[in-house]
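In what follows, a structure is listed as structure tokens, so that the remarks can point back to it.
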Amino acid sequence: MKRLVLAVMAVGMMVAGAVQSAEALNNPGGIGGLESLRGGIELETTRAADPMKRYPRDQGTIDSDYVYQPPLIPHTIRNYEVSLNANKCLACHSWKNANEMGATKISVTHYQSPRKGQVLSDVSPSRYFCLQCHVPQADAKPLVENNFQRVDALR
Ligand code: HEC
Ligand code: HEC
């Protein structure tokens, strides 16, 4: 009797499985036809990574869209380490090295303590991780619709 029940259950499961896979064919990904930023792909499916953005060298710095915007980085930053042990950006942009490297000096705000505005003798810890604020510029399409407009003063 027990065996019979098991056999019936097994057949039942197979039938259910077949129905399910037929469903999966009609509805690939089983995501109800919804498409997210990852595309129409189920979470557990690893999709190919997006191609790397190109950072053209000759485009100059893209203008700011608002006042006090951290300027975009007009060069590639591949393999530039910024960690506890090293800060590659400062090798060119610190006040000590900027002239020699022909790079823009970080401005004095990068030496100010964020709380009281005192000017410190070295880069403020709050400005150490450059990429928190500065990003390399690329002609990247917005991921979602965006109708942000440049502030009037900079138009
Ligand atoms: C090898 C030297 C070098 C290194 C390392 C470097 N930069 Fe630069 N950077 C430059 C030079 C030179 C410029 C001037 C524009 C140009 O020629 O590309 C520049 C321009 C910039 C600008 C634009 C400044 C402005 O006035 O608009 C930003 C922002 C910037 N870099 C941020 C960074 C950050 C953040 C890092 C680290 C991830 C970094 N840079 C690493 C050399 C360097
Ligand atoms: C908390 C955000 C923040 C961090 C972190 C930060 N910056 Fe900036 N940076 C800014 C803003 C905002 C400006 C534009 C206004 C100003 O000069 O303060 C700027 C300006 C600059 C400029 C242009 C200066 C000029 O005179 O035109 C350079 C170069 C620069 N940053 C490099 C760096 C580097 C290198 C680091 C890391 C050591 C860094 N920044 C960290 C926000 C930041």
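The first residue you see is number 1, and the count goes up from there.
Cβ atoms are placed via backbone N, Cα and C, with glycine included.
Per TrEMBL, the features are as follows:
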type    : residues                       : note
SIGNAL  : 1-21                           : signal peptide
BINDING : His75, Cys89, Cys92, His93     : heme c 1 binding site
BINDING : His110, Cys130, Cys133, His134 : heme c 2 binding site
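Neighbour count (other Cβ atoms within 10 Å of the Cβ, all protein chains): 16 for Cys92 (heme c 1 binding site). Here the candidates are the binding-site residues His75, Cys89, Cys92, His93, and by Cα distance the one nearest Cys130 (heme c 2 binding site) turns out to be Cys89. For His110 (heme c 2 binding site), applying a Cβ distance below 8 Å and a minimum sequence separation of six or more within one chain yields Val123, Ser124, Arg127.
Checking the binding-site residues Cys89, Cys92, His110, Cys133 for a CB within less than 6 Å of any atom of ligand 1 leaves Cys89, Cys92, listed in sequence order. Comparing His93 (heme c 1 binding site) with Cys133 (heme c 2 binding site), their Cα atoms are 15 Å apart once rounded. Just so you know, the Cβ of His134 (heme c 2 binding site) picks up 16 other Cβ atoms within 10 Å once every protein chain is counted.
A straight line from the CA of Cys89 (heme c 1 binding site) to the CA of His134 (heme c 2 binding site) spans 11 Å. Within the set of binding-site residues (His75, His93), the lowest number of other Cβ atoms found within 10 Å of a Cβ is recorded at His75. Counting other Cβ atoms within 10 Å of each Cβ, the lowest count among the binding-site residues Cys89, Cys130, Cys133 belongs to Cys133. Among the binding-site residues His75, Cys89, Cys92, the residues whose Cβ lies under 6 Å from any atom of ligand 2 are, in sequence order, Cys89.
Rounded to a whole number, the distance between the Cα atoms of Cys133 (heme c 2 binding site) and Cys92 (heme c 1 binding site) is 17 Å. A gap of 11 Å separates the Cα atoms of His134 (heme c 2 binding site) and His75 (heme c 1 binding site). DSSP assigns His110 (heme c 2 binding site) to a helical segment in the three-state reduction.
Cα of Cys133 (heme c 2 binding site) to Cα of His75 (heme c 1 binding site): a distance of 15 Å.
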